[in-house]
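Here the structure comes first, spelled out in structure tokens, and everything after it is commentary.
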Amino acid sequence: MSDAQQITLIVDGEETKVTEGTTGAELFFERRDVVVARVNGVLKDLDQVLTEGADVEGVTIDSPDGLNVLRHSTAHVMAQAVQQLRPEAKLGIGPYITDGFYFDFDVADPFTPEDLRTLEKMMQKIINQNQKFVRRVVTEEEAREAMANEPYKLELLGKKNDASDAAEGVNVEVGAGDITIYDNVDRKSGESIWCDLCRGPHLQNTKIISNAFALTRSSAAYWLGNQNNQQLQRIYGTAWPTKEALKAYQERIAEAERRDHRKLGVELDLFSFPDELGSGLPVFHPKGGIIRKAMEDYSRQRHVDAGYEFVYTPHITKGHLYEVSGHLDWYKDGMFPAMQVDAEFNEDGSVRKPAQDYYLKPMNCPMHNLIFRSRGRSYRELPLRLFEFGSVYRYEKSGVVHGLTRVRGMTQDDAHIYCTREQMKDELTTTLNFVLGLLKDYGLDDFYLELSTKNEEKFVGDDAAWEEATRTLSEVAEASGLHLVPDPGGAAFYGPKISVQAKDALGRTWQMSTIQLDFNLPERFELEYQAADGTRQRPVMIHRALFGSVERFMGVLTEHYAGAFPAWLAPVQVVGIPVAETFNDYMFDVVGQLKAAGIRAEVDISSDRFPKKIRTASKDKIPFVLIAGGEDAEAGAVSFRFRDGSQDNGVPVAEAVRRIVDAVKNRES
């Protein structure tokens, strides 16, 4: 073979010569786990021809990108099956998502669980046919002809140049560059059986999907996520490289369902969501109130120890405040509509004094700025750390409201720190360490950081200030030693932020604390302090929410602990169960000693039999159960029964009280 017929590639970091016209499939022929190629940083189908000098990397099916391709291809197979089952179905979008995929359809009737099982069988037949995924580049006219019976696809073609801004999932269909259609091609006849407008890439064939997939649920969804659009039916599914991986995922999902805080909230009588109040507005029951108070009390004391000062602000304010802050320009869609009040009328009904717009506050920062500005400030007062458990209200769309983790009325553990530029870096470091330490005290200890930077379409202030703020946050994050992940364009309009991402007991990631650096609001509110040289200077402002919101944090902890809260948070820390009614007085005396020591303890004197009382305590996830019978009463002792079913008999009452008090004091899990 002459050199003229060969080209040079960089394959997985090494220079390699191959025959001109070689495809990714040929290059990685011996690596059966490679499903697509990353060519010069862009994912490509394996059947695309490689060119001189290309930097090529094989992407395996079990890698994050490989899993996304697997799931996107499975979504195509599902859509093909749906249009076989319901030929009248019109296609929406069908992207991959975390751990799975979905596809939207315009159909007359919602899909039933029986439909999903039928579709799974039809999908398996398609997979077994080993259909090929074939990419073809088309003109817009050709695309419109191919999609003539798909009105939603035709609409997407009209959004080609701004697909990234249209809605989640749209850019898997159209975007910058070529318009492409993927055909599912019959291997024997070579004919296209089904096609979809799609940017790809895809697997080479359906058989790679194997049988490690499942359709999980269906729901209603508005076209492009806009509630003013047509309501479609969405089918969710998942796909994995092996049946074992699918089973492991399904087991994780089953465990997550058992831990669902909405379910546990009912079972443990912690909180509820009355329809009479409206979507996203929870109420806490007495037991939930105990947990919440314990969370807040501990946080409050830690803030006092760290030099924070407590403030309180109202729930509503004049709209002008949010004009100054910029929220009405940049965040109005997330706010509840204005209330018009204080209008005055003449006797003839004409307006003597027009009404003013008042808003439920979506954030506490503007009000904290007014506190800072209420009098002259000196550099000697800085850093000034203001803290509030502040109630805020945000108009979340009904479709995204979810239990306690996405609500419309919430309480933020909100701090705003005002400091000099010289203090800025040290204060950020101190704040991050404080945040991480406090989260660990609540039982979360697996973290990484995310750095959200400027959204070029949505920001206030000058580029230099943003660059300085971003650089400083990045240095502080890197110095923490935690893994740092970029979040380009994810910042709020007034400044970049670090967010602490925490993993729970199931390995799921939750965004917890946020630390945001802001040079802009001090400018907009004309905040000043007198510097050591007598000049007036602008402070730097740090926004910090540790829990995110109290409601959300409680939802996360409920699932993290599966409702079995550590003793210091548990609403009932001890239940005393006498073996027989004869020992009720003895157990009341023991529980009285515990209550005197500050322990939340009860005696179960219900008419239930002893075994039922034990089961009830277990179901209620009580940390400590104390049992007393004849031998215990004679010896001045009790028997400990723990959550795991183990038991420690004959423990002297004084020692039992000490053990429990120590466990609560030390916040043992």
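Note that Cβ sites are derived from N, Cα and C of the backbone, with glycine treated the same way.
The Zn(2+) binding site annotation in Swiss-Prot covers Cys365, His416, His543. Listed in sequence order, Cys365, Asp414, Ala415, His416, Gly495, Lys497, Thr514, Ile515, Gln516, Asp518 are the same-chain residues six or more apart from His543 (Zn(2+) binding site) with CB atoms under 8 A from its CB.
Sequence annotations record features per position, and here Swiss-Prot assigns domain 'TGS' to 3-60 based on sequence analysis.
Sequence annotations record features per position, and here Swiss-Prot assigns region 'Catalytic' to 260-566.
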Beyond the site residues Cys365, His416, His543: chain residues whose C-beta lies within 8 Å of the centroid, for Zn(2+): Met363, Asn364, His368, Asn369, Asp414, Ala415, Gln516, Asp518, Leu521, Met541, Ile542, Arg544
Cys365 (Zn(2+) binding site): tally of other CB atoms within 10 A of its CB: 22
Composition by DSSP (helix, strand, coil) of residues within the domain 'TGS' (3-60): 7 helix, 29 strand, 22 coil
